[in-house]
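This report refers to the structure that appears directly beneath it.
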């Protein structure tokens, strides 16, 4: 049991014992209650001024029992108080009290459920961008360690994030978003269901270890599902097989397909000498308007221009990198292949 809880229990027991003894002595010895209370306190603390002593046999017997039991309890109480102060428990108590007061005033904040490796990355990003959040984890040591790094920006609650009372402590009814990064997919599904029930409007982003869990988390109420293993695996495959400046884009487009069922593709198109687009500016070519595809960048020999300006002039040999739906990219392919009209 924590020192603070033991301190409260022993303190309540001591006060109850003092008041009860005072009441009994006032009746047995026939004195007023204040005098009896005064005698009760100086007796249990072994002060013993001697200005008042029980006169009856019953009063003296009760005092002997009171001394045997009460002195031990009070001495234990004093030792707990000393431990509470010396071990920094009092300082921690004050700190937690301040933290609870801060949490009570929060609104439009985020709740990170599970402060492991992934949750920690999310938290540090939020701290960097001054986004208010509360971290929830069952491991108090991990939370304390993080608090010591960011004492002014890190708020936390020790507990099981799947439980309603813990989420309510984190003010889920006033939260803007919840990040579910618990260890298992089953835990994240249960957490998502609970969070969605407590706040139907909250934005929930959940972690999925298995690909099959993505669908289940969405059914449970997650707005977005992220699979770290899927992202990491695709990224490693891309940089191994197709290393280059745009490999990461194809990775995330693949993720968009797998996780969000978005029909998006990334392709490259070469401008030929007789292409209608050759020697036209991007503004005049109006690729976006004609095809719906978005140009990410243009490679010219060894140089690469990301997000080129509208005044950029297309030349033969330029490689256009664009993304869009299959239909968008088909229109762009036809536009690139379209020949110039001969005069």
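For all residues, glycine too, the Cβ spot is worked out from N, Cα and C.
The domain 'RCK C-terminal' annotation in Swiss-Prot covers 253-338.
Annotation source Swiss-Prot lists motif 'Selectivity filter' at 46-51, citing similarity to another entry. On the 0 to 100 pLDDT scale, the motif 'Selectivity filter' (46-51) averages 68 in the predicted structure.
The topological domain 'Cytoplasmic' feature in Swiss-Prot is assigned to 1-7 (among others).
The feature topological domain 'Extracellular' is assigned by Swiss-Prot to 29-61. Counting only same-chain residues 6+ beyond the ends of the topological domain 'Extracellular' (29-61), those with a CB under 8 A from a CB of the stretch are 14, 17-19, 21-23, 67, 70-71, 74.
Here Swiss-Prot flags 83-343 (among others) as topological domain 'Cytoplasmic', drawing on sequence analysis.
Per Swiss-Prot, the feature transmembrane segment maps to 8-28 (among others). Within its own chain, the transmembrane segment (8-28) is flanked in space by residues 35-37, 39-41, 43-44, 54, 56, 58-59, 62-63, 66, 69-70, 73-74, 76-77, 80, which lie at least six positions past its ends and keep a Cβ under 8 Å from the stretch.
Annotation source Swiss-Prot lists transmembrane segment at 62-82 (among others), citing sequence analysis. Cβ atoms under 8 Å from those of the transmembrane segment (62-82) belong to residues 3, 6-7, 10-11, 13-14, 17-18, 21, 24-25, 28, 40, 43-46, 54 of the same chain, restricted to positions at least 6 beyond its ends.
Residue counts of the domain 'RCK C-terminal' (253-338) by helix, strand and coil are 29 helix, 26 strand, 31 coil (DSSP-based).
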